[in-house]
Amino acid sequence: MAVPAVSPQPILAPLTPAAIFLVATIGADGEATVHDALSKISGLVRAIGFRDPTKHLSVVVSIGSDAWDRLFAGPRPTELHPFVELTGPRHTAPATPGDLLFHIRAETMDVCFELAGRILKSMGDAVTVVDEVHGFRFFDNRDLLGFVDGTENPSGPIAIKATTIGDEDRNFAGSCYVHVQKYVHDMASWESLSVTEQERVIGRTKLDDIELDDNAKPANSHVALNVITDDDGTERKIVRHNMPFGEVGKGEYGTYFIGYSRTPTVTEQMLRNMFLGDPAGNTDRVLDFSTAVTGGLFFSPTIDFLDHPPPLPQAATPTLAAGSLSIGSLKGSPR
């Protein structure tokens with residue numbers, strides 16, 4: 001049976017030179033304000049983007065597991081759950097607070113900044129920003145470790161299949177799951193390695209971005225541990241839109257990992273391989289130089305869902321004072 005026609009969010013929009021990643025929590029009794037504001041974000045994007053369409057402003061709005069139950073009545077995404085912290089023999093992938101994720105992108109930072117401010121203004125005291133990262137494109141789409149990032153991203157129909165929910169969860173066809181982690185790099189330790197040794201850590205050549213042959217690629221390299229296959233040998237893909245970030249005055253250099261996928265299980269297996277090891281104890285060597293300081297799993301519904309969301313759960317519906325007129329009663333029956 002074919003899935004209904006829907007409008008996915010711009011998950012597969014091309015990489016841009018500028019991005020802002022905002023993670024926020026929803027305060028007590030903030031559900032109604034956030035619920036209303038989410039339905040107006042499309043209008044904000046159109047209004048700000050109209051000033052200069054060549055800047056290709058976009059945003060992907062995503063909701064965490066706990067927040068979903070506070071914001072929406074009715075069905076919930078079948079695989080949405082809180083991010084599970086991973087504690088390995090050497091490194092930890094922490095789970096950190098986050099109810100809302102805004103992935104804002106454009107050719108220039110000015111419109112990203114304007115949209116971020118407008119979104120937060122629309123939600124006011126109902127939300128608290130717990131993490132804000134301003135990403136930028138580095139030379140040749142490289143991360144701050146000096147390697148090209150996103151080489152193995154799928155494109156075209158393969159990317160759509162890798163990121164878009166279909167018949168397996170018909171209530172949310174066209175939607176997507178997204179993981180985020182903020183990594184901070186130990187540049188002094190990294191730069192103490194020779195280029196050849198750095199290539200063994202990553203599993204690719206540094207200059208020309210070629211994957212090392214299997215006989216030269218260590219089992220604990222980043223590339224080796226991030227190849228996930230089905231039982232029949234078919235490789236499972238995700239779409240990464242990672243961005244470098246940093247503050248030179250603080251000596252902070254990092255990568256913001258953001259991975260979109262049709263099911264969270266693919267990214268979760270990658271993270272288990274990296275932090276717990278595959279086999280157990282064979283952990284990703286890049287973690288000796290890059291420390292995860294945040295971690296979250298969110299759900300990116302369709303534009304249709306955000307523009308016309310289901311009602312608030314009964315427990316989160318604002319209580320009207322006795323004798324007051326429900327404005328909703330003037331709008332006809334609830335959706």
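Positions of Cβ are set from backbone N, Cα and C atoms, glycine also.
Checked against Swiss-Prot, the range among 144-167, 264-287, 288-311, 312-335 recorded as region 'Targeting peptide' is 312-335. Sequence-distant contacts of ASP149 (active site, proton acceptor), defined by Cβ-Cβ distance under 8 angstroms and a gap of at least six in the same chain, are ASN141, ARG142, ASP143, ARG240, ASN242, THR255.
Taking the Cβ of HIS222 (heme binding site) as reference, residues of its chain lying under 8 Å away and at least six apart in sequence are, in sequence order, VAL201, ILE202, GLY203, MET274, ASP284, ARG285, VAL286.
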